[in-house]
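Over in Swiss-Prot, the protein carries these features:
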- Ser16, Leu17, Ser18, Thr63, Asn88, Asp103: shikimate binding site (BINDING)
- Lys67: active site, proton acceptor (ACT_SITE)
- Gly128, Ala129, Gly130, Gly131, Ala132, Gly243: NADP(+) binding site (BINDING)
Amino acid sequence: MPVSRFAVFGHPIAHSLSPRIHTEFGRQMGVVLDYLAFDVAPDAFRVSLEHFVAEGGCGANVTLPLKEAAFEVCTTLSARARRAGAVNTLSRVDGVWHGENTDGTGLVRNLTERHGLDLRGRRALLLGAGGAARGVAPALLDAGITEMVIVNRSPERADMLCDALGEPGKVSARYWGDLGDLGNFELIINATSIGNTSDMRTFSLPRSLLDSMTAAVDLNYGSAAVPFLAWAHAVETRYAIDGLGMLVEQAAESFSLWHGRRPDTDPVYTVLHSEYGVPGRS
């Protein structure tokens, strides 16, 4: 039986659970596949993809900091990827790359189905405006978020994301220094890499951002999610959720695009959560 070759590209990538997740999905669904991880800097991404194709590669996941670079290599794009301006799933179709973004679908599915959150009518604060934020913002709006405020260390990138989303009545950009003046939010999403540079003693956000039902959600998992979720625990947000469930759900969406069948995510999530999950509240 021929082996289908897939991979995840990122920088760094040693921490990635994607090879393990897709191998487990393949075993569950009876699909024989080879799934590798490649640590590739942005300036080498296009060449690395060419080598991957030459060696039989037919699909790839893309993580930070390459999601916007992946958008640029695609000949065709899904509506979701085009709106996001970022790609996390590549499929080789008729000799060219087709780009999709499954991050937002994975996040919404994790929040609504696994954690039972109703996103309709919520006011959301999105921290970050890079590839991770771009991937989830459209799906959150589609899920019923009525107002989204985007805050980024570089305000120009927040403005660019607002423009790309094309919903000026719902989406606005503010400065990081304005956080204390924005009012409260039912949903606060960390789409930054601040967890890689902060610790539990230094990371903090204003308490004025919270109400009694605030859900604090980090798109990171493992140690990278600890500072943000430690803050969430300290201020007693109603929900504190890491990115592990989103990772598994977006992987299942990618698997379905490549193989035509969606695997059961619960068994994989349960095992990984016992090993890598950051304590939360849901």
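Positions of Cβ are set from backbone N, Cα and C atoms, glycine also.
Features as recorded by Swiss-Prot, highlighted on the structure.
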residue: Ser16; record: shikimate binding site; DSSP class: coil
residue: Thr63; record: shikimate binding site; DSSP class: coil
residue: Asn88; record: shikimate binding site; DSSP class: coil
residue: Asp103; record: shikimate binding site; DSSP class: helix
residue: Gly128; record: NADP(+) binding site; DSSP class: coil
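If you compare every pair of Cα atoms in Ser16, Leu17, Ser18, Thr63, Asn88, Asp103, the residues listed for shikimate, the longest distance is 15 angstrom.
Surrounding the centroid of the Cβ atoms of Ser16, Leu17, Ser18, Thr63, Asn88, Asp103, where the record places shikimate, the chain contributes additional residues within 8 Å, namely Val8, Gly10, Asn61, Val62, Leu247, Gln250, Ala251. The Cβ of Ser16 (shikimate binding site) has 18 other Cβ atoms within 10 Å, all protein chains considered. Measuring Cα to Cα from Gly131 (NADP(+) binding site), the recorded positions that fall within 10 Å are Thr63, Lys67, Asn88, out of Leu17, Thr63, Lys67, Asn88. You'll find the Cα of Leu17 (shikimate binding site) roughly 12 Å from the Cα of Gly243 (NADP(+) binding site). Around Gly243 (NADP(+) binding site), a 10 Å sphere centred on its CB holds 27 further CB atoms from the protein chains shown. Cα to Cα, Asp103 (shikimate binding site) and Gly130 (NADP(+) binding site) are separated by 13 Å. Cα of Gly243 (NADP(+) binding site) to Cα of Thr63 (shikimate binding site): a span of 13 Å. The record assigns Gly128, Ala129, Gly130, Gly131, Ala132, Gly243 to the NADP(+) binding site, and the maximum Cα to Cα distance across that set is 17 Å.
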